[in-house]
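According to TrEMBL, the protein has these features:
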TRANSMEM  33-53  transmembrane segment
COILED    89-116  coiled coil
DOMAIN    118-176  domain 'Potassium channel'
TRANSMEM  121-142  transmembrane segment
TRANSMEM  154-175  transmembrane segment
TRANSMEM  265-286  transmembrane segment
DOMAIN    271-343  domain 'Potassium channel'
TRANSMEM  317-339  transmembrane segment
Amino acid sequence: MHIVNLTADKTKSCAVRVAQSIKAFSQRWFSHILLLLVLLAYAAMGAALFQLIEGPFEDKQKQTIVNARQYIIEDLVLAQRSLSVAGFRRHALRRLREFETQVRVLEDEARVLSHSEKKIWSFWGALFYCGTVFTTIGYGNIAPSTVTGMAATVLYAFVGIPLLLMVLADLGKLFTRAIKWVFLSVRQLFRTGRCGKHRSKAPPPQLQYVAFVWRKVNDTMAYVPYPAYLKAEPTTPTSEEPGEETSKATSEEELVIDDEFNLPVSLALLLLSIYMTVGACVFTIWESWTFFEAFYFVFISMSTIGFGDFVPDHPMFMMATFIYLLFGLALTSMCINVVQEKLSAIFDRAKMQLGTTIGFDAMMIDQERKEPLEGDVKEAVAKDAIAKGAIIKELTSKDAVAKDASAKDAAAQNAAKKDAATVKGKKKEQT
């Protein structure tokens, strides 16, 4: 049997390197791709469900309109033969008003578009409706008419909205890190003349706990290491003699992305404006809209206002619109977070300046801001220690039980051996 060592860097074959690359890619992107696939599968499942519920009702209502129209045509043909011109005109006007009233009732109650032969609750139309539900845009051009469809919409939104928020949070984090990487790489290129990997000293990790903390100041979440957060001390670089071995390992690392680093607000707004402008240009090609109308539609959709006065007509355009708006919502969420963090920082500085102007101690003001975060970290670490203690206690108890059982087995075996030896001795004495 031939065993391939995947950790040997010098003896890696091409197939092994490809396998490792695929494995690394899968591990890095598995959760992100899985979330997107779950959302798409949920949307497709909802589309099939709503098509099954609303499709037959739509066909029935449209058939009612077709029958009424056909009946009026036949009635007018008969009336033309027996009535005078003036009588026929009055009769036709009366029947057309009755038809308009019937159509208006169906449009209001059943939301059936009589002037369109296109099926509303097709699979693509239902898929677009599902997108407007869990994105909370709600254009209103497609809505359920049956009680079953309305109840299904409530249940569908109850699960779909949290799922979309998870996807948007994940995509927003990816966008933020990607944009930060590009921004820092460009800045490093202009400052040092090189981009990409750089040499950096990477000390071995010393963290023992990691706490998930809600920041009270700017309402954001962060992973805060403990005790590094509470016991952080400034470090000063020390000079080393050439050839001296140190405990710090020098390694080749990618460009470090600091999660605490905030993107410039102008850059975030510029990216959002470019994304919206590109989308507006595409919609001017797809639809009979002016650039301003297309930009207005993109803004109304990405802000989840969703008036519904402008909606894509073609089903495939609706699907492309859904994908475009999905990433647009994530980008919008990222920009909102960047602006929120900037405003929070401005508010903190203003509070500090106002406090010092009034006569308050600046250290006390800063301590009030840090205390909630430190309290949350200590509480999380305490809970973690309690949980670990309970696990250790349980393992110790199980180990003690196992040792007790093994001791009893050993005693039983010794007793059996003694009994066997006694019986054997008695047999020898008898012989």
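Including glycine, each Cβ sits where the backbone N, Cα and C put it.
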Spatial neighbours of the transmembrane segment (121-142) far in sequence, C-beta under 8 Å, 6+ residues away: 42-44, 46-51, 54-55, 58, 111, 153, 156-157, 160-161, 163-164, 301, 304-308, 311, 315-316, 318-319, 321-322, 325-326, 329
Beyond the flanks of the transmembrane segment (265-286) by 6 or more, those residues with Cβ under 8 Å of it: 179, 183, 294-295, 297-299, 302, 312, 314, 317, 324, 328, 331-332, 334-335, 338-339, 342
Cβ contacts under 8 Å made by the transmembrane segment (154-175) with residues that lie 6+ beyond its boundaries: 31-32, 35-36, 38-39, 42, 46, 49, 130, 133-136, 326-327, 329-331, 333-334, 337
Tally of DSSP helical, extended and coil residues in the domain 'Potassium channel' (118-176): 42 helix, 0 strand, 17 coil
Residues of the domain 'Potassium channel' (271-343) by DSSP state, where helix covers H, G and I: 57 helix, 0 strand, 16 coil
